Amino acid sequence: MSDMHSLLVAAILGVVEGLTEFLPVSSTGHMIIVGHLLGFEGETAKTFEVVIQLGSILAVVVMFWRRLFGLIGIHFGRPPQHEGEGKGRLTLIHILLGMVPAVVLGLIFHDAIKSLFNPINVMYALVVGGVLLIAAELLKPKEPKAPGLDDMTYRQAFMIGCFQCLALWPGFSRSGATISGGMLMGVSRYAASEFSFLLAVPMMMGATALDLYKSYHFLTAADFPMFAVGFVTAFLVALVAIKTFLQLIKRISFIPFAIYRFIVAAAVYVVFF
C-alpha cells in the first residue's frame, strides 16, 4: 500500500470511526464493511482501529470536560462551580457502577469475545441491537423517572452497566446498548445519551489500553503517519457527530437508527455472503 493511498484509507476510516462510534449504529459493523471494501484487513487493521478509537474518546473529553472535571471535584469535596458541571448529584460512583458489569465480563471473556469479530456475528448483532432500540422506544415510561443526569439513581446506573454487557458482542453498539437500557430504566433519551458518553471515557480507554498491550508488537514506526491521520480525523469528526447527535435526539426517536442498522446488516450479508 503506497504512502498516499494508506493516508487516504486512514482518513476514510477515521471519518467512519468518528461518525459511528457514539451513534447507536455500531462502529464495528461499519469498520468491517469499509475496511473490507478498501482492502485494509488483518492484524495491522485491527490495531489501527484500536488506536483511532482514542481520537473518538478524546472528542468526548473535550465535549464534556466540565462535567468530567465536576465529577472528579465532587469526589474530593469540591462543589460544582459552573453550569456545565451539573448539580453535583451525579458522582463517580454512578460511573463505577455503570462500568463494573462489562469490565468483569470483558476481562473474563476477552479472548472469547475477540473470536466473535467476524461478519456473521456482527450482522446478527446489528439486527438484535436494532430490535432493542425499537423496544426501548415502545416500552420506555411515558414520563421519565430521571429527566436529567443528576436525577439518575445508583440502581439505574448499574442496570445501564448490565445492558452495556450486550456491547461485548461485536456489532451490537455500546451506545445503543447503554442508551436503550437507560430508557427502559426510566432515564430520558437525552440523559441516557449523555451518561453513555461519560461512561465511554473510562470504558473505552480501558478496553483500548488492554487491546494495545496485547497487539503493540504489530506497530511499526512506518505506521505512525497513517495512525496519526486516522486518529486526528476520528477526533475531529467525532466532535461534530456528538454535538449533532445530542441536538438530533431532542427531535427524533431512535427508530430511524434501528432501521439504518437493519440496512447495514443487509449490507454485511451482501458484501460477505
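In case you wondered, yes, glycine gets a Cβ from its N, Cα and C as well.
What Swiss-Prot annotates here:
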TRANSMEM  45-65  transmembrane segment
TRANSMEM  90-110  transmembrane segment
TRANSMEM  116-136  transmembrane segment
TRANSMEM  154-173  transmembrane segment
TRANSMEM  190-210  transmembrane segment
TRANSMEM  222-242  transmembrane segment
TRANSMEM  252-272  transmembrane segment
Maximum Cβ pairs under 8 Å to the transmembrane segment (190-210) among 154-173, 222-242, 252-272 is reached by 154-173
Do we see three or more Cβ pairs under 8 Å linking the transmembrane segment (154-173) and the transmembrane segment (90-110), pairs being at least 6 apart in sequence? yes
Mind checking which residues of the chain, 6+ beyond the ends of the transmembrane segment (116-136), have their Cβ under 8 Å from one of its Cβ atoms? 24, 26, 28-29, 32, 46, 166, 169-173, 176-177, 179-181, 183-184, 254-255, 257-259, 261-262, 264-265, 268-269, 271-273
